[in-house]
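Below: the structure, in structure tokens.
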Amino acid sequence: MHIPQKTLNDGHRIPYIGLGTYQIRGGQGIDHVLAAIQDGYRLLDTSTNYDSEGIVGEAIRRSGIPRADFTVTSKLPGKYHHYDDALMSIQESLCRMGLDYFDLYLIHWPLPKRDLYVEAWKALITAQKLGLIRSIGVSNFEPEHLDRLNKETGVMPAVNQIEVHPAWIQESMLQANKDRNIVTEAWSPLGRGSKVLQDSAIQKIAAKYHKNTGQVILRWHVERGIVPIPKSSNLLHQRTNLAIFDFKLTSNEIEAINALSQSNGRINNQDPNEYEEFD
Ligand SMILES: NC(=O)C1=CN([C@@H]2O[C@H](COP(=O)(O)OP(=O)(O)OC[C@H]3O[C@@H](n4cnc5c(N)ncnc54)[C@H](OP(=O)(O)O)[C@@H]3O)[C@@H](O)[C@H]2O)C=CC1
Ligand SMILES: O=C(O)C(=O)[C@@H](O)[C@H](O)C(=O)CO
């Protein structure tokens, strides 16, 4: 399966689709990630918060595929935004995964009320210089957070992973990332398996291309320049979610999906300016 790649502002390249691993855990989880790898997934998204770093590392080893072929992403939890804590957490995550570097490492949430994300960013810059991380990025950052990182460190993130799906299309945040030469990754790209997968407008488009609604939604992300990271533990879903590079949506079809956006479309009402991670 050929998966196109997207070039980041630091010159590194990442696959145009990845596997999300939120709620994939334990021994069964290893099998689910391994199956995805065998189907062709090479971008794997985990986080310290997901308790899945260990099983993702194990699935990579069991696959027998060279480490260098993968783009492994993890994320810094909010409780470790202090500089020394962040460096410790990155090293601990690498040990849990059994890896000696991350391809991509993100600050999971900005937590602006705690106001430590610049300190965390400085730790990511140091970890990159130490060779522990190839590309550094953020998640759930708003334009003012991105600009503050750049102003205080001179380093703009390579990636901003944000909530995007047909009910929450994020036009202005996509533009904000683009203006700063930041690649957008979409979390919950399928709306976390919500009713959008049964939407009649998307079903109509899917029928035209002999695809399923999940494939149409994932293709919609790609057409918008976004790297989606759908989670699936289901073999058929994993496989069909990858098969999105052999058709193209028209601009009218993209607009029809954009029109499904809702003013209260966020999945869990997770506003990055308000959201607090659990400690
Ligand atoms: N940075 C951040 O703050 C966040 C990051 N993330 C990341 O993004 C990833 C993806 O987001 P997530 O919230 O998991 O939601 P997704 O939008 O990826 O949806 C996952 C759900 O959709 C189902 N599904 C997957 N493919 C299909 C399909 N083809 N047809 C029907 N159902 C399907 C899955 O079930 P099944 O397993 O049965 O296929 C699962 O229930 C996460 O796993 C995580 O890695 C997520 C949230 C926040
Ligand atoms: O999954 C993640 O990366 C999260 O940040 C969580 O907030 C998740 O989106 C969630 O819904 C927790 O209730």
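Backbone N, Cα and C define each Cβ position, glycine as well.
The active site, proton donor annotation in TrEMBL covers TYR50. Per TrEMBL, substrate binding site is recorded for HIS108. Per TrEMBL, domain 'NADP-dependent oxidoreductase' is recorded for 17-260. According to TrEMBL, the site 'Lowers pKa of active site Tyr' annotation covers LYS75.
Overlay of TrEMBL feature records on the structure.
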{"residue": "TYR50", "record": "active site, proton donor", "Cβ within 10 Å": "22"}
{"residue": "LYS75", "record": "site 'Lowers pKa of active site Tyr'", "Cβ within 10 Å": "26"}
{"residue": "HIS108", "record": "substrate binding site", "Cβ within 10 Å": "23"}
Which secondary structure state does DSSP assign to LYS75 (site 'Lowers pKa of active site Tyr'), in the simple three-class scheme? strand
The domain 'NADP-dependent oxidoreductase' (17-260): mean pLDDT? 98
Expressed to the nearest Å, what is the distance separating TYR50 (active site, proton donor) and LYS75 (site 'Lowers pKa of active site Tyr') at their Cα atoms? 10
To the nearest whole angstrom, what is the C-alpha distance linking LYS75 (site 'Lowers pKa of active site Tyr') and HIS108 (substrate binding site)? 5
